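Quick one: the structure is below, and I'll ask about it shortly.
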Amino acid sequence: MAAGIRNITTTGQIGDGREAAAVDYVLAHAGAGNIDDVLATIDKFAYEKSMLINVGDEKGTLLDAAVRRADPALALELGTYLGYGALRIARAAPEARVYSVELAEANASNARRIWAHAGVDDRVVCVVGTIGDGGRTLDALTEHGFATGTLDFVFLDHDKKAYLPDLQSILDRGWLHPGSIVVADNVRVPGAPKYRAYMRRQQGMSWNTIEHKTHLEYQTLVPDLVLESEYLG
């Protein structure tokens, strides 16, 4: 698994074919157009076949609740993987436009297949790139309608070292507004210490943050943290 984690940072996949197998499993077993069934089938694969690194069912309920609090018209996810997080966002905010940024074309292709099967590909879009690519992806998002004060919700679930610089890039564009919510997964494991320290320093000034104690995806032994932060402006 250690080799798989190293693969994640370069290819976006664990490296043993489980992501493609998960997509095939979903298309074979989940009802078309049924978001609940697609999500449950991904969870079933992760529990019974091969562990996946999407946010998962336990932490997914925290994500769902935060999305509902934000009630977004426009949502952004960083780190698509299989499209699971974006699918949960789309389910919790059925009127929202959801954009997901992913570094790996293979993951983008897998996610698009899952979104099409779930019936949400008309409002969930994958943009291949990274926020730290010199502005290309940020400019692409601008072409999709991202503008000053339009971004209601952000889900960070990509390279943990990129959480803080990528959030700063979003802030520099002015897309957030007072009341926008940012959720960050895996803040304890693998860990995003600089991001967590930033949110602690900014508590009550630029951000109001709740730290949710939970577990790493698809097991109950390893503790994790999900941070939910409301932007104060």
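Each Cβ is built from the backbone N, Cα and C atoms, and glycine gets one as well.
According to Swiss-Prot, the feature S-adenosyl-L-methionine binding site maps to Val55, Glu77, Gly79, Thr80, Glu102, Asp159. Here Swiss-Prot flags Asp157, Asp185, Asn186 as divalent metal cation binding site.
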Can you tell me the three-state DSSP label for Glu77 (S-adenosyl-L-methionine binding site)?
strand
If I take the alpha carbons of Glu77 (S-adenosyl-L-methionine binding site) and Asp157 (divalent metal cation binding site), what is the distance between them in whole Å?
7
What number of additional C-beta atoms lies within 10 angstroms of the C-beta atom of Asp159 (S-adenosyl-L-methionine binding site)?
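Its Cβ shell of radius 10 Å holds 20 other Cβ atoms.
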Cα of Val55 (S-adenosyl-L-methionine binding site) to Cα of Asp185 (divalent metal cation binding site): how many Å, rounded?
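Between the Cα atoms of Val55 (S-adenosyl-L-methionine binding site) and Asp185 (divalent metal cation binding site), the distance comes to 7 Å.
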Asp159 (S-adenosyl-L-methionine binding site) to Asn186 (divalent metal cation binding site): how many Å between their Cα atoms?
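Computed Cα spacing between Asp159 (S-adenosyl-L-methionine binding site) and Asn186 (divalent metal cation binding site) is 10 Å.
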Would you measure the largest Cα separation among Val55, Glu77, Gly79, Thr80, Glu102, Asp159 for the S-adenosyl-L-methionine site and round it to whole Å?
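Maximum Cα-Cα distance: 15 Å.
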